[in-house]
Amino acid sequence: MENYVPFLVSHWRTVGLISVSIAAGVALGQLNQTHERAANKSQRVHTNSSIKAKQVKRESAIEQINEIEDDDEQSLEDQDVLPILFQYEKPSEADSIRRSEEFYRRMNQRRSVREISSDPVALEVIENIIKTGGTSPSGAHTEPWTFVVVSNLEMKQQIRQIIEAEEEINYKQRMGDVWVQDLQPVGTTWVKEYLTEAPWLILIFKQVHGFKRNGQKKIHYYNEISVSIATGFLLAAIQEAGLVTVTTTPLNCGPSIRVLLGRPVNEKLLLLLPVGYPKVGATVPDFKRKPLHDIMVHYQ
């Protein structure tokens, strides 16, 4: 070592630079190894993610295949449905205008009436109204509706108790000041006398799904839209029969009422219609309907 001292003293800058370069090279090599290990790890993670993504995609494809198979099975169930000739007699233009105008005039008398008489209404009238609702179109002709009609006073009292208990909470806590204020012109509260005074209650359930002949679930396409359209048919039939109703949406009451009525879990309460004749002297808010030019857009 003593023999190298004069050399180191004379060339210490060069030796220092070489040492620093060597150290930097070693550090760089270690850094590259670290990056390489990280890259390999990232590649493995990416590969695993890709594998998982492919697995999810594969499982999704399997689910789609299963759905297609379900649809095929449903089609097989309906394979005996053959087309028939549509029975139709075209009216004259004058007759079509007359009929449409007469129907409009009758429907324009429809109002939401909350003061409903307890005067009896024949069961046959209610059955005809329900049959009319059953003529409504539905997604893939699944007819995803159940209309529960109640005339039993004790059952109506239990339904009213459930609804009023929830409605009081709705008005005081859930709905908010703006919603409650918007209802003031209508004059509604959580007290619903018509639920026990009306001779009939029609509870409208949507079937979230049905069941095939083999017991498997059957898809009910657009079930809520289909049932809502059917409700429109019911409202028209009620008006045509000379009866009144008010469309109610029992918020947060569905499960309790479903259990009370013994309905299956695939049915969800959508709407409730109390049906009967109006009380003598019944009043309604003096609302005006929008004119035609506000609700119709015509492109020629």
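Even glycines carry a Cβ here, placed using N, Cα and C.
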Query - Residue from K156, K192, K206 that Swiss-Prot also lists as binding 3-iodo-L-tyrosine with A140, E167, Y171 - result: K192
Query raised in the report: Given G139 (FMN binding site) and Y171 (3-iodo-L-tyrosine binding site), what distance in Å do their CA atoms have, once rounded to a whole number?
Result: 35
Query raised in the report: Looking only at R110, T248, which of these binding-site residues has the biggest number of Cβ atoms within 10 Å around its Cβ?
Result: T248
Query raised in the report: Among all the protein chains here, how many other CB atoms are within 10 A of the CB of K192 (3-iodo-L-tyrosine binding site)?
Result: 21
Report summary line: If you count the other CB atoms within 10 A of the CB of E167 (3-iodo-L-tyrosine binding site), including all protein chains displayed, you should get 23
Report summary line: For A140 (3-iodo-L-tyrosine binding site), the same-chain residues 6+ apart in sequence with C-beta under 8 angstroms from its C-beta are I219, Y221
Report task. Could you check the binding-site residues R114, R289 and say which one's CB has the fewest neighbouring CB atoms inside 10 Å? Result -> R289
Requested in this report: Report the nearest neighbour of Y171 (3-iodo-L-tyrosine binding site) in space among the binding-site residues R110, S112, R114, T248, R289, comparing Cα positions.
Outcome: T248
